[in-house]
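J.: The structure follows.
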Amino acid sequence: MSPMMLLAVYGAALVVSSVAGGALTQRVAMTHTRAQLAMSLVSGLMLGIAFFHLLPHAVLTLGIHHGLTTVMSWTMGGLIVMLLLLRILHFHQPDYPAEAIAVCEHGHDHGHKHGAAETGVPAAREVTSVMAPGVSWRGVLIGLTFHTFIDGVALGAALLSAPHGHQQQLLGFGVFLAILLHKPLDAMSIVALMKASGTTASSQTRANLLFAFVCPLGALLFYFYAMGLGGSGELVIASALAFSAGAFVCIALSDLLPEVQFHSHDRVKLTAVFLLGIALAFMMANTAAKHSHAIASLSPV
Ligand SMILES: [Zn+2]
Ligand SMILES: [Zn+2]
């Protein structure tokens, strides 16, 4: 399949998954444990994609001797930018109502509704958030839009990065899969927060639909931008891969760490799906390496 066809197929699938995530949230109340299980799996996958796909390919694109400092600088840049955005806009890690389990063993309140644990009745309608007070859904939407645009850039760069013509499709696929599974969670955050803020169903639907096109748009714009650069595009592609690796790491950890620090329920299950996500990314990288006999000779250019 040509990269353009692939981009179209990936883009369409991403729109569908994002819209589905938001639409589901409009109808069904997401529970805390389910949201955490999904987040742990997807975070593991994102970390795996960052370490086993994005970073190695960024390095391979530039060559290990000259490219390493550039790649690591861009990785750090991606991490810092995403952290600052999270700090300013608090756009990730929404909290969903706790089921009838003792969710919070820790003494202080970080926005959790304790009603469920205390009364034993699932607080189905109480969509709360651990986000800082006063954070509006508009701010969250802006943050998520930027984050999703970067995801799109990662996908576009992945499709273009094929050192010596190898692994192009599988690299694109790994990144695609991570975004495909992560994006519904982002759409869910938007809709859940809009719901909690009392917006109308039609404006929720509108935001959900518009948001779904951000990632394919990012991929498309980056793809044509880097294509237009011709030979000098390699540096831009490698930088984009490295930048998005840093962003992936930051986003994945921002989802994982609050749960690790504040909660102690379902630890085995959550750890298992987290490792499963990493294993999935590792297996995809390994399959790609097997099919690419030239992997060993790729490094020093
Ligand atoms: Zn996200
Ligand atoms: Zn929890």
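First residue shown is number 1, and so on along the chain.
Note: Cβ is positioned from N, Cα and C throughout, glycine not excepted.
Take a look at what TrEMBL says about it:
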- 35-55: transmembrane segment (TRANSMEM)
- 67-89: transmembrane segment (TRANSMEM)
- 170-194: transmembrane segment (TRANSMEM)
- 206-225: transmembrane segment (TRANSMEM)
- 237-258: transmembrane segment (TRANSMEM)
- 270-289: transmembrane segment (TRANSMEM)
J.: Would you kindly check 67-89, 237-258, 270-289 and say which stretch has the most C-beta pairs under 8 angstroms to the transmembrane segment (35-55)?
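T.: The stretch with the most close Cβ contacts to the transmembrane segment (35-55) is 270-289.
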J.: In terms of Cβ proximity under 8 Å, which residues at least six beyond the ends of the transmembrane segment (67-89) contact it?
T.: 55, 58-59, 61, 135, 139-140, 142-143, 146-147, 150, 235, 238-251, 254
J.: Are there residues at least 6 beyond the ends of the transmembrane segment (270-289) whose Cβ is under 8 Å from a Cβ of it, and what are they?
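T.: Hits for the transmembrane segment (270-289): 36-37, 40-49, 51-53, 56, 167, 170-171, 173-174, 177-178, 256, 259, 295.
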